[in-house]
Amino acid sequence: MGRRQRNKQGPPAALDGSPKRQQKNGAKNKKNDKRKRDQPDSGLATTKKQKVVQKKKEVIEESEEDSGPEFLGELNGDASDGDDLWDNAEPATDDEDEELLDDEFDLEGGDAADIFPKADTNFLGSDSEQEEDEEEGDDEDMSDDDDHIGEFEGLDERKSRKIEARKARIAAEAEAELMDAAMQTNIAEEGERFQLPEGEEDELTADVTLVNQRIQEIVNVLNNFKTMRDPSKSRQDYIDRLIKDIAYYYGYSEFLAEKLFNLFSVSEAIEFFEANEVPRPVTIRTNTLRTRRRDLAQALISRGVNLDPIGKWSKVGLQVFDSQVPIGATPEYLSGHYILQAASSFLPVMALAPQENERVLDMASAPGGKTTYIAALQKNTGMVFANDFNKDRLKSLTANIHRLGVKNAVVCNYDGREFPKVIGGFDRVLLDAPCSGTGVISKDASVKLNKTEKDFIDIPFLQKQLILSAIDSVDAKSKTGAYIVYSTCSVIVEENEAVVNYALKKRPNVKLVKTGLDFGREGFTSFRGQSFHPSVKLTRRFYPHVHNMDGFYVAKFKKLSNKFDSSKDGESSNKKQGKDSKNDKQEEEIKFDDEEDAKYIEESKSKQRKKKSRK
């Protein structure tokens, strides 16, 4: 680079320096000033010449800034004529040297940053002080970083993570706002309230999509009734409209829809109706008379069955998710290693908890799932009386008993109300009573329409008769038992708590005890104006939308005595036959007559001997 070109080049742009740094630089320059004054005269001439050149440069630069283009033109013209800046240089003197040294190195009153500008970044490309400032102002400058992220692609990883987290948080808040807006489609502004539609029923239910949307809106209003209600409408008006929409949308009769709706809160009722539209999981029960659950699971998995244990509450249940083979036709099924059985059907047998060498009665046993489970828990000891009123159903009962290897079962076909006249004195009795089936709607959708108000009068009446017979069939003097379990696959109060409460009134010699089931909801002690015995809360309710199994009800009684006051039984035979009032309050005791049994046993043995002798 030539000497002239070097003269034309200006110094770098000045940066403001801090006062403290200026003072430090000024102090250092004073020390350098003293050192240079003490140097020998031999190097002083060279230093003076350099100072003169530097001073000339500053003069030229100041004149360029003042005169602008005109001075540049003159300077260029002078250079073209061959004039040299050194030609006009005046010889330096000692006084001028002193002044130059003072000007260059005495910086107490000047700006050190003009001579020693501070670099924007260090040689590694980052500045520690700048990073500290950025850390302190991250929260305040986050919005600015988002705007300029395209310009500064070199942001460090830490800042990038913060930006991404902030964007994710904003997206989540936006999604929550959208979901909230979807639930309140008709409440967009403050003061706007949902209006119940008016018109003919056919017009209101013409579009299924609108019916579903209206259900959600009415549920939202009922959950926030004070703020979202129409002042001209009562809560009952909203409920009536909701029940009609539920009945139409899910295919129920209005009578049954209202009966089921009243069991739950508004939001939970919708969950219950939705759960009834989804089939329950396929479950199987391991037959411990033939195999173990672990061995069965391994065998089925090897055949392409995807399964898992049903839960911690059962040691024999397995839930099947999918299968490459028909689950009801595998060699293991045909060999009696398992039975297809709903998870809810495990519950009454688990509550009954039969022991070995006991006499147990299953009053309504077909198709045999509970009977065979009882036999498995007894390990084929004792005796199980498997009774069912429907003779046609005994075929499937007998087939399952043989397939599963049950050897301690006696199959009989009696009306359950005939017990204990047929036989009594059992250690335990299981009554899985006939019911409306409102807990298994997912399996039998016909329940939605074919159940009427008359059914909910006749069915509970039969259940009350059966539960009294079941209680009378148990021997209170049993050393290991004297328990009765009552269960239904219904969720209606009239078939459950009302029947149990009736039994407690008619049979004061029994009491309710814990079922032994660790899950399930407590039974109702009061329902829509009806009050039940406080111990009814020991019973258990199971719902499809809560426990992912069929709706079920389980109650367990303990018989305290074989005697009871028959005058409290409105259905006592004494009243029917019109006997004297003296016989109304008689003590009854029901038990096995061993002498009479011995006579019948001897007769049967003699008949068998005669048959053998004839052969």
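Just so it is clear, glycine is given a Cβ too, placed from its N, Cα and C backbone atoms.
Residues within less than 8 Å, Cβ to Cβ, of Cys489 (active site, nucleophile) and separated from it by at least 6 positions along the same chain comprise Ser344, Asp432, Cys435, Gly437, Gly439, Val440, Asp550, Gly551, Phe552. Summarising the annotation, TrEMBL assigns active site, nucleophile to Cys489.
The feature S-adenosyl-L-methionine binding site is assigned by TrEMBL to Ala364, Ser365, Ala366, Pro367, Gly368, Gly369, Lys370, Asp388, Asp415, Asp432.
Sequence annotations record features per position, and here TrEMBL assigns compositional bias 'Basic residues' to 21-34.
Summarising the annotation, TrEMBL assigns compositional bias 'Acidic residues' to 80-111 (among others).
Residues or ranges marked as compositional bias 'Acidic residues' in TrEMBL: 128-148 (among others).
Residues or ranges marked as compositional bias 'Basic and acidic residues' by TrEMBL: 565-589.
The domain 'SAM-dependent MTase RsmB/NOP-type' annotation in TrEMBL covers 272-560.
Positions annotated as region 'Disordered' by TrEMBL: 1-157 (among others).
Annotation comment: TrEMBL describes 564-615 (among others) as region 'Disordered'.
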Of Ala366, Gly368, Asp415 (the binding-site residues), the residue whose Cβ has the fewest other Cβ atoms within 10 Å: Asp415
Most Cβ neighbours inside 10 Å, all chains, among the binding-site residues Ala364, Lys370: Lys370
